[in-house]
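*Asks:* Take a look at the following structure, please.
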């Protein structure tokens, strides 16, 4: 019974495949044009360690990459790469006088613990350049104090 159904469906399926996949519609992936990512600026610097020498066990200086390596190199030089200093929690920020959050990036995560400090659990929220954000627990208002470089050509898609 199955073989009869299969033999009845075979001619229809082969006709459908022939009409769908004609040679003019097919092209090998190897000859497809590559998508260009030009115009996005220079590539970021590579943060790669030298790797381990043969026969040795690599340490963090040898095998760390990316942000981990950046933080390691900053610690070795005595430079704090990421700003982890606590924000002003002696007062509640208002719309007219918000608590300013310094940032080199146009977006940053902020954790609020209330005023005085540790009045409530930490509430994390994204803070963006040019916008104020109010903590949903205590009502304190935060605003970014952006000191990074302005990029006028940021990924216009």
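Glycine is treated like the rest: Cβ placed from N, Cα and C.
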*Asks:* If I go by TrEMBL, the feature region 'Disordered' sits on one of 33-59, 60-86. Which?
*Replies:* 33-59
*Asks:* Using a Cβ-Cβ cut-off under 8 angstroms and a sequence gap of six or more, which residues of the chain neighbour residue 120 (Zn(2+) binding site)?
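*Replies:* Set apart from residue 120 (Zn(2+) binding site) by at least 6 residues yet with Cβ under 8 Å, we have 112, 113, 114, 137, 138.
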*Asks:* Return the residues near residue 135 (Zn(2+) binding site) by Cβ distance under 8 Å, restricted to its own chain and a separation of at least 6 in sequence.
*Replies:* 112, 114, 123, 125, 141, 142
*Asks:* Would you mind ranking the binding-site residues 112, 138 by how many other Cβ atoms sit within 10 Å of each Cβ and giving me the lowest?
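*Replies:* 138, out of the binding-site residues 112, 138, has the fewest neighbouring Cβ atoms within 10 Å.
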*Asks:* Which residues, same chain and not among 112, 120, 135, 138, have a CB within 8 angstroms of the centroid of the CB atoms at the recorded Zn(2+) site?
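*Replies:* The surrounding set, listed in chain order, is 113, 114, 115, 119, 123, 136, 137, 139, 140.
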*Asks:* Please state whether DSSP places residue 138 (Zn(2+) binding site) in a helix, a strand or coil.
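*Replies:* The residue in question, residue 138 (Zn(2+) binding site), is coil (DSSP, three-state).
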